Amino acid sequence: MLPTTLVSSRSQGNGALSPRDAARHTAGAKRYKYLRRLFHFRQMDFEFALWQMLYLFTSPQRVYRNFHYRKQTKDQWARDDPAFLVLLSIWLCVSTVGFGFVLDMGFFETIKLLLWVVFIDCVGVGLLIATLMWFISNKYLVKQQNRDYDVEWGYAFDVHLNAFYPLLVILHFIQLFFINYVIISDSVIGYFVGNTLWLIAIGYYIYVTFLGYSALPFLKNTAILLYPFALLIVLYLISLACGWNFTKMLCSFYKYRVK
(Lines of atoms letter the chains of each structure in order from A and count residues from 1; the text may use other names and numbers.)
(Lines give C-alpha, C1' and ligand atoms only; values in the text may rest on other atoms or scores of the structure.)
Protein backbone atom coordinates (compact mmCIF):
# COMPACT_ATOMS: atom_id res chain seq x y z
CA MET A 1 0.00 0.00 0.00
CA LEU A 2 1.29 3.45 -0.90
CA PRO A 3 1.90 5.93 1.94
CA THR A 4 -0.78 8.60 2.12
CA THR A 5 -0.42 10.14 5.56
CA LEU A 6 1.23 13.46 6.22
CA VAL A 7 4.20 13.78 8.51
CA SER A 8 3.75 15.51 11.81
CA SER A 9 4.46 19.19 11.82
CA ARG A 10 8.13 20.08 12.28
CA SER A 11 7.61 23.77 11.83
CA GLN A 12 7.89 26.57 14.28
CA GLY A 13 5.09 28.93 15.18
CA ASN A 14 5.59 31.15 12.13
CA GLY A 15 5.42 28.15 9.75
CA ALA A 16 9.18 27.98 9.06
CA LEU A 17 11.30 24.93 9.70
CA SER A 18 13.47 24.93 12.79
CA PRO A 19 17.24 25.24 12.16
CA ARG A 20 17.76 21.51 12.83
CA ASP A 21 14.98 20.46 10.42
CA ALA A 22 16.14 23.00 7.82
CA ALA A 23 19.63 21.47 7.92
CA ARG A 24 18.16 18.03 7.34
CA HIS A 25 16.33 19.27 4.25
CA THR A 26 19.26 20.85 2.43
CA ALA A 27 20.29 19.39 -0.92
CA GLY A 28 23.61 18.27 0.55
CA ALA A 29 21.96 16.42 3.41
CA LYS A 30 19.55 14.66 1.06
CA ARG A 31 22.37 13.72 -1.30
CA TYR A 32 24.48 12.36 1.56
CA LYS A 33 21.59 10.24 2.83
CA TYR A 34 20.93 8.89 -0.68
CA LEU A 35 24.59 7.98 -1.35
CA ARG A 36 24.98 6.43 2.09
CA ARG A 37 22.09 4.05 1.42
CA LEU A 38 23.89 2.78 -1.71
CA PHE A 39 26.11 0.74 0.61
CA HIS A 40 23.25 -0.65 2.71
CA PHE A 41 21.31 -3.07 0.52
CA ARG A 42 19.09 -4.18 3.39
CA GLN A 43 17.73 -0.64 3.67
CA MET A 44 16.67 -0.55 0.02
CA ASP A 45 13.11 -1.39 -1.03
CA PHE A 46 13.74 -3.46 -4.16
CA GLU A 47 10.17 -4.75 -4.24
CA PHE A 48 8.83 -1.22 -4.52
CA ALA A 49 11.46 -0.36 -7.16
CA LEU A 50 10.30 -3.35 -9.23
CA TRP A 51 6.73 -2.11 -8.82
CA GLN A 52 7.80 1.24 -10.26
CA MET A 53 9.53 -0.42 -13.21
CA LEU A 54 6.40 -2.40 -14.02
CA TYR A 55 4.11 0.61 -13.85
CA LEU A 56 6.43 2.77 -15.94
CA PHE A 57 5.18 0.61 -18.81
CA THR A 58 1.56 0.08 -17.84
CA SER A 59 0.61 3.22 -15.89
CA PRO A 60 3.44 5.74 -15.39
CA GLN A 61 1.00 8.20 -13.80
CA ARG A 62 0.84 5.94 -10.75
CA VAL A 63 4.61 6.15 -10.36
CA TYR A 64 4.52 9.94 -10.23
CA ARG A 65 1.56 9.81 -7.86
CA ASN A 66 3.94 8.18 -5.42
CA PHE A 67 6.30 11.14 -5.78
CA HIS A 68 3.44 13.26 -4.41
CA TYR A 69 3.20 10.96 -1.40
CA ARG A 70 6.94 11.26 -0.84
CA LYS A 71 6.69 15.04 -0.85
CA GLN A 72 3.92 14.85 1.76
CA THR A 73 5.67 12.37 4.00
CA LYS A 74 9.36 13.22 3.57
CA ASP A 75 9.24 16.78 2.23
CA GLN A 76 11.12 16.03 -0.98
CA TRP A 77 10.15 15.12 -4.53
CA ALA A 78 13.28 13.16 -5.44
CA ARG A 79 13.81 9.54 -4.46
CA ASP A 80 15.57 8.91 -1.17
CA ASP A 81 16.00 5.20 -1.91
CA PRO A 82 18.64 4.19 -4.52
CA ALA A 83 17.01 0.77 -5.14
CA PHE A 84 15.65 1.91 -8.52
CA LEU A 85 19.11 3.08 -9.62
CA VAL A 86 20.67 -0.22 -8.53
CA LEU A 87 18.10 -2.29 -10.46
CA LEU A 88 18.49 -0.04 -13.50
CA SER A 89 22.26 -0.59 -13.36
CA ILE A 90 21.71 -4.35 -13.33
CA TRP A 91 19.38 -4.01 -16.33
CA LEU A 92 22.05 -1.99 -18.12
CA CYS A 93 24.69 -4.65 -17.49
CA VAL A 94 22.52 -7.58 -18.55
CA SER A 95 21.11 -5.89 -21.67
CA THR A 96 24.53 -4.61 -22.74
CA VAL A 97 26.06 -8.09 -22.41
CA GLY A 98 23.20 -9.37 -24.57
CA PHE A 99 23.84 -6.57 -27.05
CA GLY A 100 27.53 -7.51 -27.22
CA PHE A 101 26.62 -11.16 -27.76
CA VAL A 102 24.21 -10.37 -30.60
CA LEU A 103 26.80 -8.13 -32.26
CA ASP A 104 29.41 -10.90 -31.88
CA MET A 105 31.77 -8.83 -29.71
CA GLY A 106 34.61 -10.27 -27.70
CA PHE A 107 34.91 -10.10 -23.90
CA PHE A 108 36.95 -6.89 -23.73
CA GLU A 109 34.86 -5.26 -26.45
CA THR A 110 31.73 -6.03 -24.44
CA ILE A 111 33.31 -4.50 -21.32
CA LYS A 112 34.14 -1.35 -23.28
CA LEU A 113 30.58 -1.27 -24.60
CA LEU A 114 29.23 -1.65 -21.07
CA LEU A 115 31.37 1.23 -19.78
CA TRP A 116 30.24 3.41 -22.69
CA VAL A 117 26.54 2.63 -22.18
CA VAL A 118 26.67 3.16 -18.41
CA PHE A 119 28.85 6.26 -18.16
CA ILE A 120 28.00 7.99 -21.45
CA ASP A 121 24.56 6.90 -22.63
CA CYS A 122 22.91 6.70 -19.21
CA VAL A 123 24.84 8.76 -16.66
CA GLY A 124 26.55 11.34 -18.90
CA VAL A 125 23.56 12.08 -21.11
CA GLY A 126 21.32 11.85 -18.03
CA LEU A 127 23.32 14.48 -16.14
CA LEU A 128 23.18 16.76 -19.18
CA ILE A 129 19.43 16.34 -19.76
CA ALA A 130 18.57 16.56 -16.05
CA THR A 131 20.58 19.76 -15.63
CA LEU A 132 19.06 21.28 -18.77
CA MET A 133 15.50 20.40 -17.72
CA TRP A 134 16.16 21.56 -14.16
CA PHE A 135 17.30 24.95 -15.47
CA ILE A 136 14.47 25.33 -18.01
CA SER A 137 11.72 24.28 -15.61
CA ASN A 138 12.93 26.58 -12.80
CA LYS A 139 13.57 29.47 -15.19
CA TYR A 140 10.48 29.36 -17.39
CA LEU A 141 7.88 26.90 -16.06
CA VAL A 142 7.54 27.77 -12.36
CA LYS A 143 4.32 29.68 -11.68
CA GLN A 144 5.85 31.74 -8.86
CA GLN A 145 9.54 32.53 -8.61
CA ASN A 146 9.92 31.49 -4.99
CA ARG A 147 12.41 29.27 -3.19
CA ASP A 148 9.48 27.27 -1.83
CA TYR A 149 8.50 26.39 -5.42
CA ASP A 150 11.42 25.00 -7.35
CA VAL A 151 12.29 21.77 -9.12
CA GLU A 152 14.87 19.71 -7.26
CA TRP A 153 17.81 18.64 -9.41
CA GLY A 154 17.50 15.15 -7.93
CA TYR A 155 13.89 15.01 -9.12
CA ALA A 156 14.96 16.06 -12.63
CA PHE A 157 17.47 13.19 -12.65
CA ASP A 158 14.80 10.79 -11.35
CA VAL A 159 12.54 11.82 -14.23
CA HIS A 160 15.36 11.01 -16.65
CA LEU A 161 15.89 7.58 -15.06
CA ASN A 162 12.14 6.88 -15.20
CA ALA A 163 12.03 7.80 -18.88
CA PHE A 164 15.28 6.02 -19.70
CA TYR A 165 14.18 2.64 -18.33
CA PRO A 166 11.42 1.93 -20.93
CA LEU A 167 13.76 3.19 -23.67
CA LEU A 168 16.46 0.82 -22.42
CA VAL A 169 14.13 -2.17 -22.40
CA ILE A 170 12.81 -1.45 -25.91
CA LEU A 171 16.14 -0.71 -27.60
CA HIS A 172 18.52 -2.91 -25.60
CA PHE A 173 16.28 -5.90 -24.93
CA ILE A 174 13.23 -6.25 -27.18
CA GLN A 175 15.18 -5.08 -30.21
CA LEU A 176 17.84 -7.75 -29.66
CA PHE A 177 15.48 -10.47 -30.90
CA PHE A 178 15.13 -8.76 -34.28
CA ILE A 179 18.57 -7.28 -35.00
CA ASN A 180 20.39 -10.09 -36.79
CA TYR A 181 17.46 -11.62 -38.64
CA VAL A 182 15.32 -8.58 -39.46
CA ILE A 183 16.57 -5.11 -38.61
CA ILE A 184 20.14 -4.95 -39.95
CA SER A 185 19.14 -6.48 -43.26
CA ASP A 186 18.94 -4.20 -46.28
CA SER A 187 15.24 -4.83 -46.76
CA VAL A 188 12.45 -2.31 -46.28
CA ILE A 189 10.99 -4.35 -43.43
CA GLY A 190 14.36 -4.15 -41.66
CA TYR A 191 14.58 -0.40 -41.28
CA PHE A 192 10.81 -0.14 -40.83
CA VAL A 193 10.87 -2.43 -37.77
CA GLY A 194 14.06 -0.89 -36.37
CA ASN A 195 13.01 2.72 -36.84
CA THR A 196 9.54 2.00 -35.46
CA LEU A 197 11.10 0.64 -32.27
CA TRP A 198 13.16 3.82 -32.04
CA LEU A 199 9.99 5.88 -32.53
CA ILE A 200 8.23 4.02 -29.72
CA ALA A 201 11.24 4.19 -27.36
CA ILE A 202 11.99 7.90 -27.80
CA GLY A 203 8.28 8.71 -27.83
CA TYR A 204 7.92 6.90 -24.53
CA TYR A 205 10.89 8.86 -23.16
CA ILE A 206 9.24 12.16 -24.12
CA TYR A 207 5.88 11.10 -22.67
CA VAL A 208 7.25 9.88 -19.32
CA THR A 209 9.35 13.05 -19.06
CA PHE A 210 6.24 15.14 -19.67
CA LEU A 211 4.35 13.23 -16.97
CA GLY A 212 7.19 13.85 -14.53
CA TYR A 213 7.09 17.61 -14.84
CA SER A 214 3.32 17.91 -15.25
CA ALA A 215 3.00 16.07 -11.91
CA LEU A 216 4.53 19.08 -10.15
CA PRO A 217 1.62 21.37 -9.15
CA PHE A 218 3.72 24.54 -9.21
CA LEU A 219 4.74 24.25 -12.88
CA LYS A 220 2.86 25.75 -15.80
CA ASN A 221 2.74 25.15 -19.56
CA THR A 222 4.30 21.69 -19.23
CA ALA A 223 2.51 20.68 -22.46
CA ILE A 224 5.41 22.25 -24.37
CA LEU A 225 7.47 19.23 -23.32
CA LEU A 226 5.37 17.21 -25.78
CA TYR A 227 6.36 19.40 -28.74
CA PRO A 228 9.41 17.25 -29.62
CA PHE A 229 6.89 14.60 -30.69
CA ALA A 230 6.32 16.58 -33.89
CA LEU A 231 10.03 16.60 -34.74
CA LEU A 232 10.26 12.91 -33.87
CA ILE A 233 7.45 12.02 -36.29
CA VAL A 234 9.05 14.11 -39.05
CA LEU A 235 12.44 12.41 -38.57
CA TYR A 236 10.74 9.00 -38.54
CA LEU A 237 8.98 9.66 -41.86
CA ILE A 238 12.17 11.05 -43.43
CA SER A 239 14.12 7.99 -42.30
CA LEU A 240 11.60 5.67 -43.93
CA ALA A 241 11.60 7.69 -47.13
CA CYS A 242 15.42 7.69 -47.29
CA GLY A 243 15.94 4.12 -46.08
CA TRP A 244 17.95 5.35 -43.09
CA ASN A 245 18.33 2.49 -40.61
CA PHE A 246 18.89 3.94 -37.11
CA THR A 247 19.69 0.59 -35.52
CA LYS A 248 22.23 -0.38 -38.16
CA MET A 249 23.90 3.00 -37.72
CA LEU A 250 23.95 2.51 -33.92
CA CYS A 251 25.50 -0.96 -34.23
CA SER A 252 28.22 0.39 -36.53
CA PHE A 253 28.87 3.23 -34.09
CA TYR A 254 29.19 0.90 -31.09
CA LYS A 255 31.54 -1.44 -32.97
CA TYR A 256 33.69 1.55 -33.93
CA ARG A 257 33.80 2.84 -30.35
CA VAL A 258 34.94 -0.46 -28.81
CA LYS A 259 37.77 -1.19 -31.24
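The backbone N, Cα and C atoms fix where each Cβ goes, and this holds for glycine too.
Any TrEMBL annotation is an automated prediction that lacks curation.
Keep in mind the model is a prediction, meaning the values are calculated, not measured.
Feature annotation from TrEMBL assigns compositional bias 'Polar residues' to 1-15. Annotated region 'Disordered' per TrEMBL: 1-22, in sequence order. Taken from TrEMBL, the feature transmembrane segment covers 83-102, 114-136, 163-184, 196-219, 225-247.
Annotation: stretch 114-136 has the most Cβ pairs under 8 Å to the transmembrane segment (83-102), among 114-136, 196-219, 225-247.
Tertiary proximity for the transmembrane segment (225-247) is limited to same-chain residues at least six positions away from its ends with a CB under 8 Å from its CB atoms, namely 175, 179, 183-184, 188, 190-192, 194-199, 202-203, 206-207, 209-210, 213-214.
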